Amino acid sequence: MSPNASLKIATYNVNGIGSRLPVLLRWLEETKPDIACLQELKAPQENFPEAAIKDAGYNAIWHGQKSWNGVAILARDHAEIKEVRRVLPGDDEDLHSRYIEAHVGDLLIGCLYLPNGNPAPGPKFDYKLSWMKRFITHTDELLKQNIPVVLTGDFNIIPTEVDVYKPERWTNDALFRPESREVFHSLINKGWTDALRKLYPDEIIYTYWDYFRDAYSRNAGLRIDHFLLNNVVTDKLLKAGVDRHVRGWEKSSDHAPVWIELSK
DNA sequence: ATGCCTGCTTGCAGCAGA
């Protein structure tokens, strides 16, 4: 396939861009996504490594935050990124950096870091519920637009029992609670397509393995990083996958990158 | 039920993550 026959979009929860920069640059160089969405920068706005990202061939927009959260969109060959918003609408009091949205070429890209929500019940789970409600409201608006839309990032939702190594241990976890799964399923029912499941309906696919108990080598993982596509994009879906080997690198994030390829 | 590990903080132990 010629380099320009398809468009590759990736998502990667880096778990701290300060510590992860060498791994991030190595992965960008190896896999060369046209667009990369990052989550959990864990860095204030001014600490984003803009020069190193530019040297790697990428333009970037980002919304940082001290210590926690933080999201970014990167575009290869210094392609133009037209920022639409950097907060999820619906709550002026919400100061977490968890959503950024931009046009890149013909596409509208929403990059999200949905709240974890543990412990549930509790205030953190309430925040997750209210964030998801705002997300539904906003994505309903996006569905009305007749343009290609990609929503990607760390959803912190395990969609089904197939997506967790031992579902019985996760019944009360905020990532697997019925309220969280219901939001994911309602998005599917509204017309969004889960890209990985569309191409691999029955496979066990994980995108996260925790740092404890040697989870990666035991393949005790979760599928929580997702691509949701509207119908215009789904018609262009060629391939999808997880860069699983990156999770095995030295100084890796606890997440692996996930990607799709679209026909142009 | 908890800690297991890792990154971040103006830190030097505690929090959050999932």
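Every residue gets a Cβ built from N, Cα and C, even glycine.
For the Mg(2+) site that TrEMBL gives as A:ASN13, A:ASP154, A:ASN156, A:ASP254, A:HIS255, the extra residue drawn from A:GLU40, A:GLU46, A:GLU182 is A:GLU40. What surrounds the Mg(2+) site, by Cβ distance within 8 Å of the Cβ centroid and not counting A:ASN13, A:GLU40, A:ASP154, A:ASN156, A:ASP254, A:HIS255, is the set A:ASN15, A:GLN39, A:TYR113, A:TYR208, A:ILE224, A:ASP225, A:SER253 from the same chain. Compared over the binding-site residues A:GLU40, A:ASP154, A:ASP254, the count of CB atoms lying within 10 A of a residue's CB peaks at A:ASP154. In the predicted model, the domain 'Endonuclease/exonuclease/phosphatase' (A:10-255) shows an average pLDDT of 97. Neighbour list (A:TYR113 (active site), Cβ cut-off 8 Å, at least 6 residues apart, same chain): A:ASN13, A:GLN39, A:GLU40, A:ASN69, A:GLY70, A:VAL71, A:SER97, A:ARG98, A:TYR99, A:GLY153, A:ASP154, A:ASN156. Every protein chain considered, the tally of other Cβ atoms within 10 Å of the Cβ of A:ASN156 (Mg(2+) binding site) stands at 25.
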